[in-house]
Structures are given as C-alpha cells and as structure tokens.
Amino acid sequence: MKNSHFSSSSSYSSSMEKVNFRTKVLSRHLNQENPTPINSILQSFPCLSYIPPEFSGPSSVFDTKEMRKLLDDHNLEDKDWLFGLMLKNNLFNPKIRGGKVFVCPDYNQSKEQQREITMRRIEYLLEHGVFKGWLTGNGPEDELRKLAFTDVVSIFDHSLSVKIGVHFFLWGGAIKFFGTQRHHDKWLRDTENYVVKGCFAMTELGHGSNVRGIETVTTYDSSTGEFVINTPCESAQKYWIGGAANHATHTVVFSQLHIDGKNQGVHAFITQIRDENGNICPNIRIADCGHKIGLNGVDNGRIWFDNVRVPRENLLNSVADVSPDGKYLTAIKDPDQRFAAFMAPLTSGRVTIAVSATYSAKIGLATALRYSLTRRAFSVTPNGPEVLILDYPSHQRRLLPLLAKTYAMSFASNYLKKIYVKRTPEMNKVIHVISSAFKATASWHNMRTLQECREACGGQGLKTENRVGQLKGEFDVQSTFEGDNNVLMQQVSKALLGEYVTAKRSKKPFKGLGLEHMNNSCPVVPSQLTSSAMRQSQFQNDIFCLRERDLLERFAAEVSLCQSQGKSKEYAFTLNYQLAEDLGRAFSDRAVLHTFLEAEATVTSGPLKDILGLVRSMYVLVTLEEDVAFLRYGYLSTDNAAAVRKEVANLCSELRPHALSLVSSFGIPDAFLGPIAFNWVEANVWSSEQN
C-alpha cells in the first residue's frame, strides 16, 4: 500500500509541475507588453547546431577512392566529366541551399514543361558530344563509355535516362541488332545525331509481357512491294510508347506478320509517324497516355495504324526477310527459336534498369545515412544529450543491411555490364537469364530501400528537394517495364529447369549459369552455427548453393509429377509458381554473391578486404534472415536462424563506424544528393526563404 501511495503521489506531483510550468509560460506570453522581436527570441536560446558527419564519431580506415574504383568499375573520368558538364548549365536547375549548390529536376513543373526541359537537356548533351559513338562506335570500350554516361544521367533524372534509353537502346538497338547493313547505313548516324528521333512500339493495350500475343497485323502487298500495318482492334493500340506523344519522328513497330494467310509470328518494321515539321503522318493516330506517378518528363503515347504502308526494305531482316514477290525467307525454321532471336538483343534494357536501380538506392542511402549521422533524437540517460539516430541499434538495423545489399547489387551490375558488352550469339541465353534475375532483384531492392530511407528521414523525406521520396515514384515503373519482375523470375526458373532436365537426360555434368555446383556433393550446414563460421565465404556459398540445388530438384520433381498426371508442361509450371519464385530468388542471390566474391578477390589492400568481408557477411546473413525458404525447407534450424539474427545485429554495430565512408565511396557528387545530406539547418534558415 505504501508503494502504491508513493507512486500515485509522485505521479500527481509530476503532473502538477507540468501544469505549473505551462501556466507560467502562458502567463508570460499573455502579459507581455513589449514583445521581443522574433530574431531575438531565436538568438536568446541555444539552438541545435549542425555538426558534419565526419566529426560525429569514429571514422573508417579504408581508402574511399579505391572503394569507388571497385564499385564504379569503369570510365570514372568520363563519369566525373559528365557530372561537371551538368553542373555548368542552368538547364539542370541548380539551386543554392545551405551554401551548397544542388541540381535536381523541378517536379513542380507541369507534365508539358517537364517534357520540354527533358528534350532541351538532351540537345545540350548532344551539343557537347555525349552521344558520340553510341551507335556508330564499335567494341566493348565504346559500349562501356555509353553505359557510364547512362549511369550519370540516371543519377540526375530518371525521365532523362529513360527518354535517352528509348531512343538509343530500344529504337537504335533494334535497328542495330534486328537490322542489316542497309538499315545501319541509313539510320544509325542520323539516330546518333538526333536527326531522326525514334521510339519503340512493342507494348499494346492488351499485351505487355506476352509479346507473342500482340494483335497488330502486317501483311505484304507484292503488287507495290510494301508492307501494310494495321491496328485491327482497340486492344491492339500501341501503349506506353516513350517519345510517341510529342517528339518521335519514327518508330519500330512490332507486329504479327501474315504472309499468304499464314502467321509467321512477331516481326519489326521501321515506320515514320511524324514529318520533319512535327506533323503526324497520314493514317496514323497518336494520343497522350497522360499524367503518371513519375517519369512525367517522358512523353508516353498511344499509336493506332490504319493500313499504313511502308517499303519492303523497312522490315528489320536479320532474322527473317520477305522477297519482292512475297516469299517468306528465314534460316531459323523453328518459330520458338526465331522469336527468341528477336528478343535476345533487347536485354540492354534490363541491363540499364539493374544499374540505374542500384544507383537510385545509393542516392537514397547516401542521403538517409548522412542525415542519420547529424540528426539527433531523444536521450538514453536522464537529462543527457540527444543521441545520433544512427547510434540507435534499431536505426542501424533499418539502413545498414540495405547498404550491404546495395554493395552486392553494384558488383552484380558491373558483372552484368561486362558480359553484355562482350556478348556473342552463344551467350544470348546466359545474358537473358542473368539480366532477368538481376533486373528483378535490383529494382525490387531499390523500391524497398527508398521506402525505408524515406521513413528514416522522417518528414524531410517527403520533400521533393531531398530526392528520396520523389525517387520512389520515378523508379516504381522499373518493377514492370522491360518485363514484369514476377514474369522474369519465372523465366529464370524455366531456364534452370531446362538445364536440369538436359543434364539428367544426357547424364552429363551441369555447365553454365553457375550451376556447376550441382556436380558436387550436397553441402552440409553445421548443426550449430558460430559467429566465425557464419562469416566464412565457404559457409555463405554453401548455404546459398544448398538452397538453389534443393529448390531446383523440388521444382523439377513437382513439374514431372504433374506431367505424369497428364498435365501439359506449361500448366505444370504454372501450378508450381511458388517454387518457381523461390527458385528464381535463390538463383539470383547465389549469382549476386559470386559477383561479390569475384570483385573481392581482386582487392589487395588489407583494410579494403576487411570491410568488404563485413559487408558481404551482412548481405548473406540478412538474406538468410529475411527469406523464409531457409526455414521452410530446413536449410536452417530454428536455433541457427536465431544465431543468424543475432549476428546481423552484431554486424550492424561493426559497420556503424564505416557508414559514412561506405556511402562516400559511391562517388556521387554532393550536388546530386538532397540538402538534408549536408547542413540541413543552414539549408532551412529564414534568410534562405527570403532569397
């Protein structure tokens, strides 16, 4: 009873103190005859002051310049030159906040204004030689330079990178890879110089991922030597065609080709849609797709074709051709192989998406982590100082695993670039599978990262100028364009199943797609995991391979069982979609880990190796913690799962002193981040509003 009485008395006393304090404050306010000027009030009390994150705690010992070389991998000087070029011109919307210059698109502009400024920025880059050799160059060096510049453009504005990507990678890429010498001679240089402005008409209202099902129809008129392109129904209208609404003069139309009443499948045709004065061509209708949740600098449009005639030479004929008298000619007799040959060159879109998604995550993390190294909240002792929010274990747990995953995505993206620029026809399948897996994984990771960073920045994360929140809307589309992520992951699993069936039937070892581990004995996970064991690359590789191996065997067994019950292979695959999704993620995670290990193997510096080991361990262990497949299928016991969770927390505290150096190694100039990444107090002073 005494304790209860003491507790209630103490509570009552505390409440009365608060009431008395508020009464005194209100009394002073109401009775004040000569109010003190606002500025005096602000100056008479101690205010929070900004302390740069460099002085907020222990610093890292590794060389951030060397780490940046590892992360950015190629053409660093070219990237820095383009960053500087953007900073020199008012087209890139420079604004001074807190004594620093920041560049960021003005999203307060209307859709029409954003489209116009995007085109003007392209013209500026064209004038300064940025696009030189993008289509007329030859060899991996030219392609890597192009990809480096694409990285920089995407860091500034996703609309700008998509607009450029549609013109060069889709329209230009279609001509380069689907076309032959006659097309190259006529179109490539004019495309590179923007004499021709191209777009890419594949997606329709009724069909997106299922390209085989598109409904646009093209027939051949042998009497005139022309193809006739027609939109037979409303669901066949071309939809979401970037560049079509305002600027494109030409497009590549994907259409079913009917010859003598027989459908020969999907083919591609060059078609003019506007004249040199910007007027829409006869028998073509174009409408705007309207305002979007992001990417409003891209003029997405809809196109209808009313028996539009194009010359026979406008068929992109590297895979198949039609003779002047109307005979269908192709060296690839199998329709499935022919369709695959048409789709293979389009992996460039998935490559650039995986990379740009990774850079977007870097912007979010660099901003949120720098902010968390200067922002304080609450105290952990009575009357003690407020604590840096990154010193809270919960905040570390929110951001540092995502930082580790972003490092892993960087190495995966670099690997993807390398195999893409050195591609051969024999590599088409491998590049398709890996680009599908990495595109889905990176874009999903980016959206999750941006959401967590937005929340970690509190209300400041809502401000467009701080970039994080706006990037969510700008990059959300990546989950579905160039292939819906879920569909891409199923394609990955289907390809793995094909490799499995082939190896078992031929009784030959697995070769390719990183499946060579299937030839070895099944890895064994220790019954009791220690901290030391969990940080070993051998264990990390083993458990990722174990998951992929087991899921592939389970998937093959379930599909085989369904087929034995009379179901088609396609239907059997559809019924086992959950295993297919698990397998796709397992393949991607294992492949990403291998790229991390390969990058790590090139490092000789001790401090760099040490920090990379921590980051890699974080990437692997947080994957083990988050993917329920490890528990569902028994790769981890409940005790080991608990040990993994504890180790993730330990890694967070060990990575905390390196957070600033790790994001500084991204190599993104200060101007391309948000003001809250720096002196957010100075950026919000009253005088800045008056200026």
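Cβ atoms here come from the backbone N, Cα and C positions, even for glycine.
Per TrEMBL, domain 'Acyl-CoA oxidase/dehydrogenase middle' is recorded for 199-308.
The 10 Å shell around the Cβ of Thr203 (FAD binding site) contains 19 further Cβ atoms across the protein chains shown. Taken from TrEMBL, the feature FAD binding site applies to Thr203, Gly242.
The predicted model assigns the domain 'Acyl-CoA oxidase C-alpha1' (346-497) a mean pLDDT of 95. If you look up TrEMBL, you'll see 346-497 marked as domain 'Acyl-CoA oxidase C-alpha1'.
Counting every protein chain shown, the number of other Cβ atoms lying within 10 Å of the Cβ of Glu482 (active site, proton acceptor) is 25. Per TrEMBL, the feature active site, proton acceptor maps to Glu482.
For 544-674, the entry in TrEMBL reads domain 'Acyl-CoA oxidase C-terminal'.
Taken residue by residue, the domain 'Acyl-CoA oxidase C-terminal' (544-674) breaks down under DSSP into 108 helix, 0 strand, 23 coil. Residues of the domain 'Acyl-CoA oxidase/dehydrogenase middle' (199-308) grouped by DSSP class, helix first, strand second and coil last, total 6 helix, 54 strand, 50 coil. Each residue contributes its Cα atom, and for Glu482 (active site, proton acceptor) and Gly242 (FAD binding site) these two points are 12 Å apart.
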